Every structure is written in C-alpha cells, then in structure tokens.
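> Heads up, here are the entries from TrEMBL:
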TRANSMEM  26-50  transmembrane segment
DOMAIN    41-290  domain 'G-protein coupled receptors family 1 profile'
TRANSMEM  62-82  transmembrane segment
TRANSMEM  102-120  transmembrane segment
TRANSMEM  140-162  transmembrane segment
TRANSMEM  200-226  transmembrane segment
TRANSMEM  238-262  transmembrane segment
TRANSMEM  274-292  transmembrane segment
Amino acid sequence: MSPDNWTHVTGFVLLGFPRSHILQSLLFLALMVAYVVTATGNLLIIGLSWRSRRLHTQMYFFLRNLSFLELLLVSVVVPKMLAVILTGDHSISFSSCIIQSYLYFLLGTTDFFLLAVMSLDRYLAICRPLHYETLMNGRVCSQLVLTSWLAGFLWVLCPTILMANLPFCGPNGIDHFFCDSWPLLRLSCGDTRLLESVAFVLSTSVLLGSLALTSVSYACILATVFRAPTATEQKKAFSTCASHLTVVIIIYGSSIFLYIRISEAQSPLLNKGASVLSCIITPLLNPFIFSLRNDKVKEALRD
C-alpha cells in the first residue's frame, strides 16, 4: 500500500483468548489464583527479607529485588488479561499497547541481568568464600542492581522507539493476550527489517550473554560442590543449585524460543504457551524455588 493511502490505527484488539465462555471462565479463575499467589509470595519475600535480621545478607538483597521485578512483570500482563475476560472488551489503545510492550521487555531484560548477577554472587559465596564479603559488600550489591535496571532501560529503548514510529494501517487484531513484539510487527504496513535486525541483535546478546555468565558460574559452583568433604554438604548445595537452575532453564528456554529466531514460522499457540511460562508461571514459581523452601526464610517466617 502506498504511504499516501495509509490509515493510522489508534488501537488494537487482543485476540489471543478462547472464545468459549466456559474456557474463559476457567482461564479467569486460573489467572486470578496465579496472580494472587504470585503477588502474595513475592510480597512475602520482600517483607521478610526487609524486616528480618536473619535475611540481611547479599543473597536475600538480590532475591528481594528479583521478587520485586517478578511482581511488576506479572502485574504488567495479568490484570489486563483479567479485565479483558471480565468485561469482554478486548481493545487496547495504541499508546497503552506500546507502554505495555516496553514495560514487559524492560522488566524481562532486567530480570536476565539480575539472574546473571545472582549467579555471580553465588559463585563468589561458594567458590571464593574468603573474598566474598570484600567483593560483594553492600555498595557493590546496590550498584549491580542499579546497573541491571539501567541496562534493561537502555536495552529496550531503541526497539520501542522504532516500534512506536512504525505505521499501522489495519488490520488491528493482535493474535496474543498482550502486546508482544512479534504479533505487533506482523500488523505493521511499513518496512520492519531494521527493527527486526535490531531486536534480533539485542535479544541475542542479552539472552546468550547473560546465559553464558550464568552457566559458567553454576558450572564452577557444581565443580566446587562435588569437591565438598561430606555428602551432606554436597547434597545441600546441589539441591540449592538444582532448584535455581530449574528457573534459569524455564526462563531462558521460553525466551530463546520466543525472541531468538530468524523467521516467524512458529505456531501462535506455541508462542502463547512459551509466553505463559515466562511471564506467569516463572513469577509464580520463583518465591517457592528461591526462597520459601530455604530454612532461614522458614525461621524468619516463624519469627
């Protein structure tokens, strides 16, 4: 279509929901329960790590920030989904869609950087215990968290600006339950090659870069664990690492499937399933995997 004939879209329609009333009711119930449990679990971790002196350590400082990130991430997506199902209004304005997309990728990218920082923290605590307090003092921890947020903010700023300036001239139906980047790109009637290239380079670098650091850190941790003098110490450390690696595999696996690709040949249903893993299931599991199973957290909760 010639640019002179473009009609600019002022809003979108979210089409990624089941049409059956029964399925919508079940989805609403599942989302509501997941959101309440996620919010409660992450707020509990934030409150406990803030109030309990037992948890005033570097690891729980990072876990508190991770819980805050996960709480924000699920709040960007799920309340809108609940509102769509409850009211039947599937529309979302252009500006709200761009803002939702930006916040989703900002929080997701910051999450990757923070997970890498946390893996580095665990590496220093287990493999370099004598130097840990010096290398990971309070100032360094705060700087690492702020750097993760700043990196996430800058990393997604350019693609979002490019996305916001793309022409959208119809149709305006997004085959998803939130404003993800790939469904939005399909609706643009302009040239998206530059944005696709930029998004591919940035997503590849942040995903594979943070994954490499996380993988190396945990590999060194496991090597140290297997050299532990007693079987009890080995079992305890290995159990902690295994639970952390479970979250890492879910987050990175779903995100690599979604955002590191050359073509758009994947099934929309698989894309939605991977999105559910990354933005709903993972924030739900994080409090239980990282914190609530920990003996110190249980003691703080009893106190």
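Just so you know, glycine gets a Cβ as well, placed from its N, Cα and C.
TrEMBL entries are annotated by machine, without manual review.
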> Between 26-50, 62-82, 102-120, 140-162, 274-292, who has the most Cβ pairs under 8 Å to the transmembrane segment (200-226)?
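Ranking 26-50, 62-82, 102-120, 140-162, 274-292 by Cβ pairs under 8 Å to the transmembrane segment (200-226) puts 102-120 first.
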> Mean pLDDT for the domain 'G-protein coupled receptors family 1 profile' (41-290), as a whole number?
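Mean pLDDT, the domain 'G-protein coupled receptors family 1 profile' (41-290): 85.
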> Using Cβ atoms and a strict cutoff of less than 8 Å, what residues sit near the transmembrane segment (102-120) while being 6 or more residues removed from its termini?
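Same-chain residues near the transmembrane segment (102-120) but 6 or more away: 59, 62-63, 65-66, 69-70, 72-73, 76-77, 144-145, 147-149, 151-153, 155-156, 159-160, 178-181, 206-207, 209-211, 213-214, 217-218, 244, 247-248, 251-252, 255, 278-279.
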